[in-house]
Amino acid sequence: MVQETPGFTPVEDAYALPAEAVREQLGVDPDRGLGSHDVETRRQQAGPNRLPDPPRDNAVVRFLRHFNDVLIYVLLVAAVLTGILQEWVDMAVILVVVLVNAAIGFIQEGRAEKALEGIRDMLSATASVKRDGSWSTVDAEDLVPGDVVRLSAGDKIPADIRLLDAANMTSEESALTGESVPAEKSVPEVAEGAALGDRTSMVFSGSMLASGAGAGIVVETGPTAEIGRINEMMSEVETLETPLTRQVAVFSKWLSLGVLVVSVALVLVGWLVHGTDLLELLLAAVGFAVAAIPEGLPALITITLALGVQAMARQKAITRKLPAVQTLGSVTTICSDKTGTLTKNEMTVVRGVVGDLEFEVSGSGYDPHGSVTAGGQNLGLDHPALRPLAEAMGAVNDADLVEDEEGWKVVGEPTEGALRSFAAKLDLDRSSIGRRAVLPFSSDYKFMAATLELPGGDGACVMVKGAPDVLLSRSASQIDASGGARDLDREGWERRIQDLSDQGLRVLAAARRPARDGDTDALTPESLGQELQFVGVVGIVDPPRSEAITAVKACQEAGIVIKMITGDHAGTATAIARQMGIDDGAGAITGQELEEAGDDELRTLVRTHNVFARTSPEHKLRLVRALQAEGEVVAMTGDGVNDAPALRRADVGVAMGIKGTEVTKESAEVVLGDDNFSTIETAVEEGRRIYDNLRKAIVFLLPTNGAQSLVMLFAVFFGWTLPLTPLQILWVNMVTGVTLAFAFAFEPAEGDIMKRKPAAAGESIVRLRHIVQIAVASVLISGLTMGVFYWRLGAGDTLESARTVATTVLVAAQVVYLFNVKALETSSLHPRTFLNNKVAWLVVGILTALQLVFIYWPVFHEAFGTSDLQLVEIGMTAAAGVIVFLVMEMAKLIIYGRREAGAVVR
Ligand code: ATP
């Protein structure tokens, strides 16, 4: 055994050295891997396996960036104007508005970025590493030079690795070499000085394993890896920009232009028509401009999205791309894998058939203890037909079983775990079997094969385990009860397989043939041939997840069709789909039938059928296309490397966080932290909630600006006394803008959110009916404000008092309108509206306190021209609030019609 030494000597040109020399130089025994103490010292020496963070703009620059917005430019121009006019208080208030807004933007952006960073951390890559003699999964960041790692197709290569073992391995290295065709990899060293693309004995950090499997020793990590040298960040950096924020930016530009035009018109009309004092007019125009501009909108959208995706991540749905949130809300079809997503992926072999012998298997989970019996009699490895079945199932297998406090677990694939446990119940000793060449499992050909050196001098033998129909079609004979060969009874097997599948069991078969020349070096699907001897089958239970059954129902109620797309047998798939309410009796379409169908026929099939079985990854792509051609908005799940194109093509690609390969995750919009279908349902629900809240924030915010600007417009155009001074308008704008709207980032979902039909794809977030509501609310609130003002003025109140009432009415109306918008298209007359969002009350409390200061603090009387209000005036304000609430409720009823608020409260 190699002695582990603390620390290590970096290996130069590992690609040009024999694997053995690299191993020796790095002081590691591939059968044991490094020890934990050694890992620690090496980590201190080499540092963590990550690239330095890209330089980030400093805080001042990031703060200043918040001033780079057309809306803010308009405000700054207004401030300069007031400065020139020497209206210092006005100028100060405008500058406070700008600064507060930038500060909020800055803080919220920080929070948003933190939220996304947290999500990125959840997606950090892992590696399968051998340490202290056993395999475990660690964060790729924890790898050190000398670590022995295992690689399989779809893995993101976690470090620069010298290969020790490579089966059919190709690696996609375009990030490093620019070459998009995957490079073949093998163990032998290459000549010193070879170009990066020719170093076939190594795989490099930043590339992806396109096919095959193998193992190797880490030689370079972090910045010393090749990718570090070219100094390029691989991980996609998520930005806070989405189609929605871009739409808002465009809207802001047009709005600013409109505001400028109206401001100029306002000054001209006041001056030329009414002969108003120019200075007063200029200030009124400034007040109007500030009032009309929803300067808080961009920050509000960003934070609502970011907090939303953070809430989704807490529920294990990790959004990689912000725009997906929007699309999730309009998904009409979810195509889901079966195994592990709809089912528990806790597999146990329960019965099987070998030769003519039908047997039962006892035990539960992955516990390798239990018995194999037939007719009440215990069976063991001495059974001549059962032995090869155990050998194929147990040794053509990469899974390990380990026991911890919670019981027996599988390290590797659950299917393989079940087969390992089955072989262990027959007392198969895997260490006595030598494995020569391996053909790794792929969902494309649906089997795994290995050349085995069996004990007892039988010589080498090629053993295969995989999908029974595939192995049957490659078999020419079958094993008999005594272990000899006889003619293949194809129909008999098909019947048995159908029987087991109809019980919802996952069926795997085993087959074998004697080894030929070359089999000990390499196996390929072609070299396996069509002359196998069929050994037998086993049936594995994999029960549906109960929460997935509930989630399927919830999605169906939400107008979303669920389709199961699985690599499994049609019988098994249909049986499970029936149990879960996915299949309505139409049955399954198989991959072969899909292949035979033309594009038009396929479009019919995706309408009429919900179960697609024995599919391979390319079928997924065709299915997505056909569904999209039928106008569906499709979410598609995937885990394997070949699922990436379908995920990319789908409207929302959903990758499995646990069993998904890195490649799949990188092509997905959403990654499921728990591989569970019910999490997709949660994501859809959250997506709908976030989208709803964005819409609510907009429908709330715009009338507050609309009402404020209408008040100014009317008064100046008609030459009336201004109900609010420009300064008071600025005040209202500042205090409502920084408080109320943020309530919507925390608004829970409406009760009927999963009872509605999906939003139409590509529809604008604010529809015509919402614009009508915005207009009605703007006119109502401004009308009330002006009405109260002119009434009080006419009734003999002082100008200060009438203006203070008007300002307070405007503020109160906005507070009340918040509650109208909380239930946007249904009635707000429901206790829920007032009880389900603490933040709403918090911001209302803050706003009330600020407004009381405004009304009663003598300093403000001076600065803002306000005066104390009497109880009766406060009463008037409250009455105005009630009027706004009731009129808006009526308006909503007319605009949206009567729709029952959902009975379900989540
Ligand atoms: P889903 O597509 O719903 O995840 P699946 O796991 O059945 O279901 P694949 O992984 O594509 O889909 O597997 C297809 C078939 O290949 C399985 O039904 C099984 O018969 C066979 N199979 C799966 N895993 C292995 C394995 N590790 N070794 C050999 N054969 C396997």
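Just so it is clear, glycine is given a Cβ too, placed from its N, Cα and C backbone atoms.
Curation plays no part in TrEMBL annotations; they are all automatic predictions.
Quick look at what TrEMBL lists:
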type     : residues : note
DOMAIN   : 13-87    : domain 'Cation-transporting P-type ATPase N-terminal'
REGION   : 28-54    : region 'Disordered'
COMPBIAS : 29-43    : compositional bias 'Basic and acidic residues'
TRANSMEM : 66-85    : transmembrane segment
TRANSMEM : 91-107   : transmembrane segment
TRANSMEM : 254-273  : transmembrane segment
TRANSMEM : 285-313  : transmembrane segment
TRANSMEM : 698-722  : transmembrane segment
TRANSMEM : 728-749  : transmembrane segment
TRANSMEM : 770-790  : transmembrane segment
TRANSMEM : 802-819  : transmembrane segment
TRANSMEM : 839-857  : transmembrane segment
TRANSMEM : 869-888  : transmembrane segment
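Nonlocal intrachain contacts for the transmembrane segment (839-857), taken as residues 6+ away from its ends with a CB within less than 8 angstroms of a stretch CB, comprise 731, 735-736, 739-740, 742-743, 745-747, 804, 807-808, 811, 815, 818-819, 822, 864, 866, 868-869. Beyond the transmembrane segment (254-273), the same-chain residues lying 6 or more positions past its ends with a Cβ under 8 Å from any Cβ of the stretch are 70-71, 73-74, 280-282, 284-286, 288-289, 292-294, 712-713, 716-717, 719. Between the transmembrane segment (698-722) and the transmembrane segment (869-888) there are fewer than 3 Cβ pairs closer than 8 Å, counting only pairs 6 or more residues apart in sequence, which means the two stretches are not in contact. Most Cβ pairs under 8 Å to the transmembrane segment (285-313), among the stretches 728-749, 770-790, 802-819, 869-888, belong to 728-749. The list of residues near the transmembrane segment (869-888) in space but at least 6 beyond its ends in sequence, with Cβ under 8 angstroms from a Cβ of it, reads 773, 776-777, 780-781, 784, 788, 792, 801, 804-805, 808-809, 812-813, 815-817, 819-820, 828, 855-856. Through the fold, the transmembrane segment (728-749) approaches residues 90, 93-94, 96-97, 100-101, 104, 287-288, 290-291, 294-296, 300, 303-304, 307-308, 685-686, 688-689, 692-694, 696-697, 700-701, 704-705, 708, 711-712, 803, 806-807, 810-811, 814-815, 818, 821-822, 836-840, 843-844, 846-847, 850-851, 854, 864-866, 906 of its own chain, all at least 6 residues removed from its boundaries and within a Cβ separation under 8 Å. Mapped onto DSSP helix, strand and coil, the domain 'Cation-transporting P-type ATPase N-terminal' (13-87) counts 43 helix, 1 strand, 31 coil. Proximity of distant same-chain residues to the transmembrane segment (66-85), defined by a Cβ-Cβ separation under 8 Å and at least 6 residues beyond the stretch ends, is recorded for 91, 94-95, 97-98, 101-102, 105-106, 109, 252-253, 255-256, 259-260, 279, 282-283, 286, 289-290, 293-295, 298. Sequence-distant contacts of the transmembrane segment (770-790) (same chain, at least 6 residues past either end, Cβ-Cβ under 8 Å): 695, 698-699, 702-704, 706-708, 710-711, 714-715, 720, 723-724, 802-803, 805-806, 809-810, 813-814, 817, 820, 824, 876, 880, 883-884, 887-888, 891-892, 895.
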